[in-house]
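J.: To start, I am sharing the structure in question, which I have written as structure tokens.
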Amino acid sequence: MTLNNDLPLNNIGFTGSGLNDGTEGLDDLFSSSIVDNEPLEALVETPTFASPSPNLKRDQIVPSNIAKIKVIGVGGGGCNAVNRMIASGVTGIDFWAINTDSQALTNTNAPDCIQIGQKLTRGLGAGGNPAIGQKAAEESRDEIARSLEGTDLVFITAGMGGGTGTGAAPIVAEVAKEMGCLTVGIVTRPFTFEGRRRAKQAEEGINALQSRVDTLIVIPNNQLLSVIPAETPLQEAFRVADDILRQGVQGISDIIIIPGLVNVDFADVRAVMADAGSALMGIGVGSGKSRAKEAATAAISSPLLESSIQGAKGVVFNVTGGTDLTLHEVNVAAEIIYEVVDADANIIFGAVIDDRLQGEMRITVIATGFNGEKEKPQAKTSSKPVLSGPPAGVETVPSTTTPEDPLGEIPMAPELDIPDFLQKRRFPRR
């Protein structure tokens with residue numbers, strides 16, 4: 001974690017290992033009147049962080065490299081998700097599209113593309129056969145490796161069940177891991193109406209991908225049927241799934257990319273997500289006076305959750321709000337999340353100011369190292385999910401654990417203390 005004294009307070013981040021020297025005053029902020037009455041941005045006028053050492057001149061500071069993040073859409077579904085992210089204005093990320101279908105690649109908005117398996121498929125696609133998709137990726141393995149050079153974090157997105165996405169995504173992940181990238185898979189499981197064959201292929205693809213990524217988030221498309229209106233057109237339903245993919249990527253990348261008074265290091269995120277296995281993703285939106293409670297509750301309890309995040313050992317959560325976002329609201333949201341995760345969880349936290357969210361708050365929670373129990377956390381309140389896209393919706397998406405983990409036990413991230421200023425009501429100091 002690094003201090004940035006020259007940048008505006010549009011992103012605040014804390015890690016479970018505690019804060020930098022000079023932050024002891026944050027505990028007192030929660031009991032002071034400024035918390036309830038002042039927006040979070042105003043607190044920048046109250047210095048609570050240590051200045052750089054006077055013995056080190058500014059021109060002697062070695063600039064750090066910004067973490068390089070890429071999103072790679074594999075197959076038709078993955079490329080559609082990439083198009084959605086680009087259209088939504090996600091910044092600070094390089095987008096790539098990978099497909100066997102040359103015609104589909106001509107319609108992508110991604111600035112960089114790889115047509116895999118040109119000799120094998122002649123640009124005509126995989127015909128819904130994952131074996132063809134896998135062989136195509138193997139044929140173009142060197143090209144995939146070149147596209148990942150110098151990359152720190154890779155998101156691999158695909159629609160499971162088809163040919164290219166199902167077969168090629170695990171190979172892309174394998175190459176990324178070999179090159180030392182933190183590799184996160186965010187994929188969809190098909191709707192039931194897409195047929196048993198596609199569902200079976202999807203499960204096989206998910207199992208193959210699970211063993212090749214650090215963290216895997218699976219979006220069960222079929223559960224969208226329980227929260228979207230019955231009259232929702234088919235195209236809109238798929239768009240909703242694509243937008244959930246986008247929010248998952250952005251919830252993690254914003255913490256790393258957007259500069260602020262205190263920046264969360266890429267190493268902090270890696271500590272939670274490296275070799276974490278399956279993950280649950282929750283996204284909640286709240287508005288009005290109780291927006292913090294509403295957003296946090298929606299993020300951890302939704303009709304889309306297949307299992308509970310109870311006892312999660314690793315958590316990345318991002319709070320986004322307008323310039324009226326207060327420190328008190330951040331604390332309220334954090335306490336709700338801390339109620340359901342492990343007391344010694346390694347927690348990475350970030351707060352982002354977005355002028356478009358005046359009067360609203362959006363929370364993204366990524367939980368890893370959980371027990372995967374089917375019982376959902378009992379929320380004190382709930383909000384009706386609206387899946388029309390941010391910032392007016394609530395979307396919560398889990399991934400599932402495979403029946404038999406090919407890698408055996410999932411190694412947990414190192415356990416770190418929860419920040420004192422957020423956990424003093426919940427957990428005593430050690």
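Glycine residues also receive a Cβ, built from the backbone N, Cα and C atoms like all the rest.
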J.: Swiss-Prot has GLY76, GLY77, GLY78, CYS79, ASN80, GLY163, THR164, GLY165, GLU194, ARG198 down as binding GTP; which of ASP112, ASP142, ASP242 does it also list for that site?
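T.: GTP site check in Swiss-Prot: besides GLY76, GLY77, GLY78, CYS79, ASN80, GLY163, THR164, GLY165, GLU194, ARG198, the record includes ASP242 out of ASP112, ASP142, ASP242.
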J.: Which one of these binding-site residues has the most other Cβ atoms within 10 Å of its own Cβ: GLY76, GLY78?
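T.: Answer by Cβ density within 10 Å: GLY78.
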J.: According to DSSP, does THR164 (GTP binding site) sit in a helix, a strand, or coil?
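T.: DSSP assigns THR164 (GTP binding site) to helix.
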J.: By Cβ count within 10 Å, point out the most packed of the binding-site residues listed: ASN80, THR164.
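T.: Result of the Cβ crowding comparison: THR164.
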